[in-house]
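Below: the structure, in structure tokens.
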Amino acid sequence: MSAHANLERRRQAIYGWLLLSPAAVLLTLFAFYPSVATLWSSVFSRGTRRKPTEFVGTENYADLFADPTFWIVVKNNILYAGVTIPVSIFIALSMALWANGKIRARGFVRTAYFTPTVLPMIAAANLWLFFYTPGLGVLDQIGSLFGLPSVNWLGQPETALWAIIIVTIWKEAGFFMIFYLAALQTIPEDLKEAADIEGTSRWTYTRRIVLPLLMPTTLFIAVNAMINSVKLIDHLFILTKGGPSDASKLILYYIWEMAFAFFDAPSAAAMTIMVIAVLGIVATIQFFYLDKRTHYQ
Amino acid sequence: MTTSPFVKLDGVAKRWNGQLGVEGITLDIPEGSFTALLGPSGCGKSTTLRLLAGLELPDEGKILIDSKDVTTSAASDRNLSMVFQSYALFPHLSVAENVVFGLKVRRVPKQERQEKLHRALEITGLLGLEDRKPGELSGGQRQRVALARAIVAGQRLCLMDEPLSNLDAKLRNAVRKDIKKLQRDLGITVVYVTHDQTEAMSMADTVVLMKDGHIQQVGTPEDLYSRPSNTFVAEFVGAPPMALLQSSVLDGFGDDKTIGIRAENIQIAPKGEGRLRCVVNESEFLGAETLIGLDHAGATGLCVLKPGLSMIAEGNEIDINFHDENLHVFDAAGQRQAG
Ligand SMILES: Nc1ncnc2c1ncn2[C@@H]1O[C@H](COP(=O)(O)OP(=O)(O)OP(=O)(O)O)[C@@H](O)[C@H]1O
Ligand SMILES: [Mg+2]
């Protein structure tokens with residue numbers, strides 16, 4: 001290879017690294033290093049005054065597996081994810097298809113759907129507290145009109161998690177709808193017309209044309225929804241604090257409790273590592289499996 | 001008249017918020033013909049076609065296809081196919097899937113679907129590209145997929161909205177011939193929208209020239225060229241278009257008329273023997289001939305053709321001559337006078 005081309009290649013490489021470095025530095029500082037540090041601390045015991053920290057291998061993990069609360073929390077989170085992800089995606093898609101149609105007050109509808117997204121989660125939770133409060137809450141007020149008894153939605157184990165799930169869906173659906181709306185705008189109008197001339201029903205058009213063309217968006221949203229199903233716990237602090245009797249406790253909340261209420265950093269670290277591993281695996285599967293079936297324009 | 005026309009538009013109008021779309025479109029299209037809707041941008045060609053397709057509903061008038069009133073029918077009930085300017089191919093489906101999409105929707109059995117697909121791809125020369133996505137095709141190939149999709153349905157009426165406008169000049173010429181041949185071979189009726197007069201004149205049996213939502217003239221290409229019904233048609237059709245003179249500059253035509261004359265009917269006369277004295281404003285070499293543009297106070301678009309390369313310097317004065325039988329006379333309103 002000529003010296004000139006070599007020089008050019010090196011220049012390109014340096015240029016590439018320069019462009020990469022800000023992101024690389026930030027990610028190392030705030031993502032990779034903490035992850036590794038967490039992994040590190042998860043294999044050491046919790047130090048007390050009498051017993052200093054020592055290497056314990058997988059003992060922290062074993063302790064967790066033996067902890068019944070851990071399993072309740074895992075079960076809660078799986079239910080939480082299993083409901084919020086598909087339901088919020090489905091609602092977002094339906095709303096987007098509707099708000100994208102030729103309806104009156106389209107701008108208003110879009111804004112209305114989007115409002116929950118702009119609200120901070122804490123504010124949203126306070127809003128819902130006002131709905132759920134027994135006796136005073138809007139839900140109970142409406143119920144009492146029909147002679148229904150007062151229900152403590154957040155205060156009983158059977159309903160607490162579901163009440164949380166509904167808040168999350170309400171919060172997420174509008175956000176995801178915006179992505180779907182944006183994607184719908186990129187589908188040319190004449191595809192619909194071409195399908196119309198062939199006698200395609202609205203449903204067939206949606207199923208055979210619109211949904212496949214929305215696949216990249218769905219994939220993106222699904223990954224986001226999954227991450228949110230672990231990440232989004234702000235409302236727990238306001239609404240239930242994980243109670244009653246751990247009925248609405250989610251993993252991240254439990255991690256927070258471990259770390260900052262019980263000061264059991266190693267357990268919290270072990271749990272964090274497991275969450276990262278699971279999220280990583282699921283995201284990889286989603287990307288590789290769905291990617292094959294996704295058409296990118 | 002023995003048979004009723006295959007497609008009939010009767011006083012069709014479409015307005016957008018009271019503003020002009022198309023107005024008073026009355027048109028008969030015989031079966032098996034090739035009709036071109038021609039006109040400048042925004043004149044309502046697409047609108048007319050979309051009204052015919054059922055993608056828009058008219059505010060007034062009636063539309064009949066095959067003696068059936070389809071004025072308010074859905075697009076799918078009109079038994080027609082359409083080629084869109086943008087092709088409107090489904091980007092996530094392969095060529096084969098795109099072509100048979102409509103057959104699938106109509107639940108045509110698989111065997112029959114395969115046969116029709118094969119034939120359509122054969123006709124359009126797309127065999128071997130079945131599994132490509134539209135994104136992996138060239139513009140011309142995409143255009144042919146759109147064409148294949150339109151003919152696979154086997155409808156007797158095919159609408160095309162500027163199907164060639166995304167192709168380069170050379171390809172356009174080739175595909176133009178293909179489309180024309182296809183139409184003849186299949187015996188289908190084609191309504192073809194274009195703003196390119198060469199396209200319209202070379203392909204169509206009947207040309208419909210439109211302006212501002214109104215039909216200006218309906219006729220064979222020959223009609224439009226040699227018997228333009230008004231000054232707009234005269235100035236639109238032909239390259240170079242017809243020159244228009246105020247009748248006052250010539251003797252014996254009165255004062256309020258407009259006289260049209262084509263470049264090929266004008267001869268350069270020896271100084272002092274011509275009917276008009278003009279100033280040369282440009283010379284354009286076209287290959288076989290040279291186009292000399294002329295200025296005259298009472299005329300627009302005046303020019304004359306000289307064989308071979310023969311430029312005349314700008315600003316020179318020359319005299320021109322022409323015969324009365326080659327003149328087109330338009331009245332004060334711009335309408336053609338008998339003759
Ligand atoms: N959906 C619409 N809403 C409002 N006005 C419209 C609409 N579609 C067309 N028009 C108007 O109707 C007139 C005719 O439009 P049309 O699309 O038929 O023109 P066209 O002859 O096809 O032009 P082009 O050669 O540029 O495609 C134009 O003045 C246009 O602005
Ligand atoms: Mg158009």
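Placement of Cβ uses the backbone N, Cα and C atoms for every residue, glycine included.
Look at TrEMBL and you will find A:12-33 (among others) tagged as transmembrane segment.
Annotation source TrEMBL lists domain 'ABC transmembrane type-1' at A:74-284.
As annotated by TrEMBL, transmembrane segment applies to A:78-99 (among others). Tertiary neighbourhood of the transmembrane segment (A:78-99): same-chain residues 106, 109-110, 113, 161, 164-165, 168-169, 172-177, 179-181, 184, 206, 210, 214, 218, 221-222, 225-226, 228-230, 250, selected by CB-CB distance under 8 Å and a gap of 6+ residues from either end.
Residues or ranges marked as transmembrane segment in TrEMBL: A:111-131 (among others).
Residues or ranges marked as transmembrane segment by TrEMBL: A:160-182 (among others).
If you look up TrEMBL, you'll see A:209-227 (among others) marked as transmembrane segment. Long-range neighbours of the transmembrane segment (A:209-227) within the same chain, counting only residues 6 or more positions beyond its ends whose Cβ lies under 8 Å from a Cβ of the stretch, are 81, 84-85, 88-89, 92-93, 97, 172, 176, 179-180, 182-184, 187, 191-192, 195, 279, 282-283, 286-287, 290-291, 293-297.
Note on the transmembrane segment (A:268-290): residues 35, 38-39, 41-42, 60-61, 64, 70, 215, 218-219, 222-223, 226-227, 230, 251-252, 254-256, 258-259 of its chain, located 6 or more positions outside it, place their CB under 8 angstroms from a CB of the stretch. Positions annotated as transmembrane segment by TrEMBL: A:268-290 (among others).
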Positions whose Cβ lies under 8 angstroms from the transmembrane segment (A:160-182), at least six residues beyond its ends: 76, 79-80, 83-84, 87-89, 91-93, 95-97, 99-100, 110, 113-117, 119, 121, 124-125, 128, 132, 153-154, 214, 217, 220-221, 224-225, 228-229, 232, 235-236, 239-240, 243-244, 247-248, 250
